[in-house]
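Student: Below, the features straight out of TrEMBL:
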DOMAIN    B:117-493  domain 'Myotubularin phosphatase'
BINDING   B:N266, B:I267, B:C329, B:S330, B:D331, B:G332, B:W333, B:D334, B:R335  substrate binding site
ACT_SITE  B:C329  active site, phosphocysteine intermediate
COILED    B:503-537  coiled coil
Amino acid sequence: MEFAELIKTPRADNVVLHRPFYPAVEGTLCLTGHHLIFSSRRQDNAEELWLLHSNIDSIEKRFVGSLGTIIIKCKDLRVIQLDIPGMEESLNIASSIEALSTLDSVTLMYPFFYRPMFEIVEDGWRLFLPDQEFELLSSVTDEWRLSCVNKEFTVCPSYPPVVIVPKSIDDEALRKVATFRHGSRFPVLSYYHKKNGMVMMRSSQPLTGTNGRRCKEDEKLINATLRPGKRGYIIDTRSLNVAQQARAKGGGFEQEAHYPQWRRIHKSIERFNILQESLIKLVEACNDQSHNMDRWLSKLEASNWLTHIKEILTAACLAAQCIDREGASVLVHGTEGTDSTLQVTSLAQIILDPRCRTIRGFESLVVREWLQAGHPFQQRCAQSAYSNSKQKWEAPVFLLFLDCVWQILRQFPCSFEFNEQFLLMLFEHAYASQFGTFLGNNESERSKLKLPQKTMSLWSWVNRSEELSKFQNPLFEANSLVIWPSVAPQSLQLWEGVFLRWNRSSKFLDEAQEEMLNIINYNKELQAKVNALRRQLAEMETDDKMLKSL
Amino acid sequence: QVEQVKLLDRFSTSNKSLTGTLYLTATHLLFIDSSQRETWILHHHIAAVEKLPLTTSGCPLVIQCKNFRIVHFVVPRERDCHDIYNSLLQLSRTAKYEELYAFSYNPKQNESEQVKGWQLIDLAEEYKRMGVPNDYWQLSDANRDYKVCETYPRELYVPRTASKPIIVGSSKFRSKGRFPVLSYYHKNKEAAICRCSQPLSGFSARCLEDEHMLQAISKANPSNRYMYVMDTRPKLNAMANRAAGKGYENEDNYSNIRFQFVGIENIHVMRSSLQKLLEVSGTRGLSVNDFLSGLESSGWLRHIKAVLDAALFLVKAIAVESASVLVHCSDGWDRTSQVCSLGALLLDSYYRTIKGFMVLIEKDWISFGHKFSDRCCQLDGDPKEISPVFTQFLESVWNLTEQFPQAFEFNEAFLLQIHEHVHSCQFGNFLANCQKEREELKLKEKTYSLWPFLLSEQKKYQNPLYDPDFSPELTLLEPNTVSFNFKFWRNMYHQFDRSMHPRQSVFNLIMNMSEQNKQLEEDIKELEAKIKQRNGQPDTALVKEHQQSAPSVPVALKTPPCFKKEQPLIPVRDAVRTIEGSNTADNRYSEFVEEFSKAEPAVVSLEYGVARMTC
């Protein structure tokens, strides 16, 4: 298919662009296969707006006489308006945008066409491979091994080709366990806590069904992670009720009788459309400036967004607490083990492991616990808050995770190497990107699409020093402690950087941020200077002494 | 002195506690725990003491403070608890001003320092700074002996054309004699903020002198002959007042006025609103939705927004239309003070400095007779007179500092410290209800002023991001009052609940850093001088290296902390980077595990229903 077929009117003049907090500008609108490009005619201030079609969540069109108005709502929550003269042109452009922003085929997406203008120093596709991760692990323990049982994605389609499992469990057993777990997601290692050797594993629900099926290999596998005489915790991210209901559909939970060394805790974390609706309601509330205080607060409450944040954070804290404070190993799962499970395991690592609070470490965490772990990004991020069609698979699971990280970052502003911008960037790229990183739903799909060969990795771009400097937290001071965030409602806040970003001018806040940077940089400068002068003086003094002693 | 007293964690569900000894001094309640940490509570800060039913571990005693600290003690013996309870009741309720802490507080200053302290803020100087007296405004001696209005200061500025009979006539037509006077004069626009109380208009009464007075005000503004009259009350309240012979201005009787209601609720609504807010925020195991719906139903943020919206209306009239504005409510000492002072703060960058803010409070709150004694319950009095009007003012200012991080010379700690001392009765400034009472009490001789103390530790209150050029003099600060900009002021209402705050403070870090920068600049100068000297005279004897590190502050033990109170917002220099207080025990998610690791029965469902364990 040629994009040209979809573009009936590639260009329109005298288009007026309206954006919040900016004066309206007149200019030319161009449509290409992947971008909507607006450039102002004014010479003095030749402004250009490049918008990826894939970033467009929904569009609305209106007509007043022959003047067409298109309102474009983006997945990054921005809303812009274009006034286009001419009925036909407007209609053509609107239908082109609609078609181009909802392309079915992944291979038509921009990452397959994008040619980077920068030199690739380090290929992001080759970073964060499981082997490297395992190497780190084997330097502290020899109880684990790399298994290639899933080499051709034959055992579990949503797992990567290699996974880390207890050494004592062979591949044959793994195959059997896979048949006992939803989507074949057998328990694998998620995190090893060096401090006390406790581990966190993740899986999907066991397929116990109504008649209480059991699987000896499954029991053996997870028991292999326990120290003699020790207990472990299973954190089920569903309520007990939901878990019980799952049995009717062949799913279920670990029976106490078959797993006597494990204690199960149910922490209810919402899924799918409930989360999507929550996002839609929250964005609706934030976008309406006319709300009086009562209405705003009740809308904020009704969205339940912060409730979800609290639930997820609490579950993650609990997992971290079991590992660090109770000295127990933990298994986390919900139903599929691809959503709330990953929220809990990845956040627990942020709390426990200082490495995950560095830029590299966080990237590695996203790769391990989200991309390789098979979070279906393409399904979840197909639409964002402005989708009006009934959604089935969309859910802001990853955004909620980023929001939780932001909450912890706010409480421990010096403990993270990255800043809010970094989280914001990941949010944007998860929904629409020129890079291939977040395409596909799991490693199997990615390998079929040959993404590493055909597209550029987000990490190749981010990890260049020019880009990296934007994402660095100037206050960072490595801190090897476990950081326990507060989950009291008074401590949780709306993530304004995402949800109010387009709804208010942040000029004064940005300027203040800049001033803060100035102070920090000036401090470094002064300290360097003082040290240099000290050294100079000391040298002079020793010279003097030598002169005198001569 | 009572030993073996337990201090419970306010938000903990398991009965975690600190054990220590409770001491009762003449001015403070002191708790020293086993690790020698001290908790000082000033008797005047105590808002309520409650004895709960006896438990197996002892007799619980809950103390609520005006600075929103809540402490929960368990005293082993009921008799001791009863004694403490009775003593605290007596000590926290004072019948006479002379018994307040300010009269016994002695900061080791000599008399001339004390006098100088009181002279720090000079309102006559302030009016001069504004540009009055001038061709249109003059100092009136009408109230020199508090004859016209008891609750006003002696010195008042009025339009030149307002003669004494007009003033006296107008004052008779205004509630409590509070006739229209100048509160702020905007040099560039030649417009004024004036304040007064409601007119005694009833349904039809009018007063020629009062009409003259308003005319004089509008004529005193050459840029715009129209003036606004802002009634800060909801219209319904104002109308109800007419039945009592009070009310609001009839536009037909006054030439050139535009009348406007702005709808700020009265002191009783505000009092119960805060009460609800505190009830909600003090709930154990609070869910997000209960918090948000409680925040909504308390109406607290709605009231804060109403106050700021009113101030915004006022400053727009002045800055955009160059019109003078007369502000009143019922008596003109609560809502009027809020709106006038916030208006001036938005118009004039001077009030956004540390000194300027003190001047603003002295002028619009203290001198114009905001009833601090009644509103803050300094003496044992009518509980219906208590209201957090001044707290709302501080919160409005805090909201502005959040929106304009570079516009204010002071920081949040400054606002919190002022709030602390409005209730502490440790300094004379806020005692009593009006200037006349203060003079009668001879406060300037018998007590000390707060301001010099705050100035002497200015460093603590400085905003490191402050940019004096942020807004040039007399340019308007225009806040965005969309609802989502208003946030719950955690650092005020949970000031003492450490577990709720960020464990690392960017603000403190930057503050220390900019402090350190100054020191480093000094060091560089010194080092450069030494090097230069050396280069010039290579034979000089060795100069000892300048010692750079800041001396550590000695901790004065067992002295009532006049300023060394626990400062959760300002930890000491080096503590900033350590993450103290971040442990599972401080947070509520911790207790699930603690409890169920002990519990062995087959089915345990835990208190919150958040964590549940089954077999």
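Cβ coordinates are placed from backbone N, Cα and C, and glycine is handled just like the others.
From a predicted model like this one, the values you see are computed outputs, not experimental measurements.
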Student: Which one, from the binding-site residues B:N266, B:C329, B:D331, B:R335, has the smallest tally of other C-beta atoms lying within 10 Å of its C-beta?
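Tutor: Sparsest of the binding-site residues B:N266, B:C329, B:D331, B:R335 by Cβ contacts within 10 Å: B:N266.
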Student: Can you count the other CB atoms that lie within 10 A of the CB of B:W333 (substrate binding site)?
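Tutor: Excluding its own Cβ, the number within 10 Å is 26.
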Student: Write out, in the order they occur in the sequence, the residues of the chain not among B:N266, B:I267, B:C329, B:S330, B:D331, B:G332, B:W333, B:D334, B:R335 that have a C-beta within 8 Å of the mean position of the C-beta atoms of the recorded substrate site.
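Tutor: Going along the sequence, the neighbours appear as B:S197, B:T232, B:R233, B:T336, B:V389.
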Student: Which whole-number mean pLDDT does the model give the domain 'Myotubularin phosphatase' (B:117-493)?
Tutor: 95
Student: Helix, strand or coil at B:R335 (substrate binding site), per DSSP?
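Tutor: Assignment for B:R335 (substrate binding site) reads helix.
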Student: Checking the spread of the substrate site as listed (B:N266, B:I267, B:C329, B:S330, B:D331, B:G332, B:W333, B:D334, B:R335): what is the longest Cα-Cα distance, in whole Å?
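Tutor: The span, Cα to Cα at its widest, is 12 Å.
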